[in-house]
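Going by TrEMBL, these are the annotated features:
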- 20-46: transmembrane segment (TRANSMEM)
- 67-86: transmembrane segment (TRANSMEM)
- 113-131: transmembrane segment (TRANSMEM)
- 138-160: transmembrane segment (TRANSMEM)
- 166-192: transmembrane segment (TRANSMEM)
- 204-226: transmembrane segment (TRANSMEM)
- 280-302: transmembrane segment (TRANSMEM)
Amino acid sequence: GHCSSISILHRWKNYWIRGVLSLAMISGFFLIIYMGPIALILVMTVQIKCFQEIITIGYRVYHSYELPWFRTLSWYFLICVNYFFYGETLADYFGALVQREEPLQFLARYHRFISFALYLAGFCMFVLSLVKKHYRLQFYMFAWTHVTLLIVVTQSHLVIQNLFEGMIWFIVPISIVICNDIMAYLFGFFFGRTPLIKLSPKKTWEGFIGGFFSTVVFGFILAYLLSQFQYCVCPVGFNSETNKFTVECEPPDIFVMQEYTLPAVLQNTLKWKTVNLYPFQIHSIFLSSFASLIGPFGGFFASGFKRAFKIKDFADTIPGHGGIMDRFDCQYLMATFTHVYIASFIRGPNPSKVLQQLLMLQPEQQLSIFHTLHSHLRERDMLPPAANQAE
């Protein structure tokens, strides 16, 4: 009996560590939201950490061979790709600011070309570093780096674009995934009987289903709470007069309370006719369903990946949690989904973005656009009559 009591103690100690750290990570996360643009730096850090963890695995697997330059090149590619993606985002949203700074103007103007040149330099370096006895291995590692870049960097780029769409698109998906993780874990821990998939022996059907329902409820409530704050719902703009980030706006339609008529079936059972909701709460149900039904597959993918390389965790950055990568496998999938969701069902044309592009045109072009718009508005009688007399 002695041994078993120790193992139970050990087990609980492990859960305790996990619980405390989860809370710490969650509160850290909310602190970051509170600080705003620092979130960008956070995304950067996480991304670099994930890249490092995956590359280190690759490196460890082939460490016995003398591979010249492998790590240097990997990091070099990471820098190039990041430069490319961050540049694209910044040029999109802060065009006017970039226009006024001389050195930046050059970088922005030829941004793609510079990125590509950097990449080509890396490519040539790779070809030059080929060594006769390790050809196959080096190509293997080359592909490894690229796949990693594809997963890690592209995803964090999407996270940042979600962030610019409005803080809430960043907060809700991440919180939902965290919630699903915790809930599935708890339900599995207390009620788990039926294993779900061979890859992750610890995951159970009970956890999966319990996680699904609790996540939907959690997402719904969280969406309600966050929709009330301008800070969360407004897209990040850039005010070129004051040179500051702005998060003030008329809240977009999906964050304005609306009245919905309940379906007939529910009307009879609940005796209510209508409900008042933020449309975003309905979207949150879709986000939650994705996080709890498809999200875990990100986790299974990671488990399979770890099996393939016979490692337990990606790294030991966080005690009781494995590496950062272990926590972010589902987040990456979720970020992509959110991005696609916004682009498909939410986002209309973005006025501030269009304005940035207009400000980058030549003065004559700006004038001609102004006249076209003016006459167009006059035809539709949208200008006040005073403006017509002034002509």
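Each Cβ is built from the backbone N, Cα and C atoms, and glycine gets one as well.
Automatic prediction, not curation, is the source of TrEMBL annotations.
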Closest-packing stretch to the transmembrane segment (67-86), where packing means Cβ pairs under 8 Å, from 113-131, 166-192, 204-226, 280-302: 113-131
Leading contact stretch, 113-131, 138-160, 280-302 vs the transmembrane segment (166-192) - CB distance under 8 Å: 280-302
Long-range neighbours of the transmembrane segment (138-160), counting only residues six or more past its ends (CB under 8 A): 40, 43-44, 46-47, 50-51, 54-55, 58, 62, 67, 70, 73-74, 77-78, 81-82, 85-86, 88-89, 126, 129-131, 170, 332, 335-336, 338-339
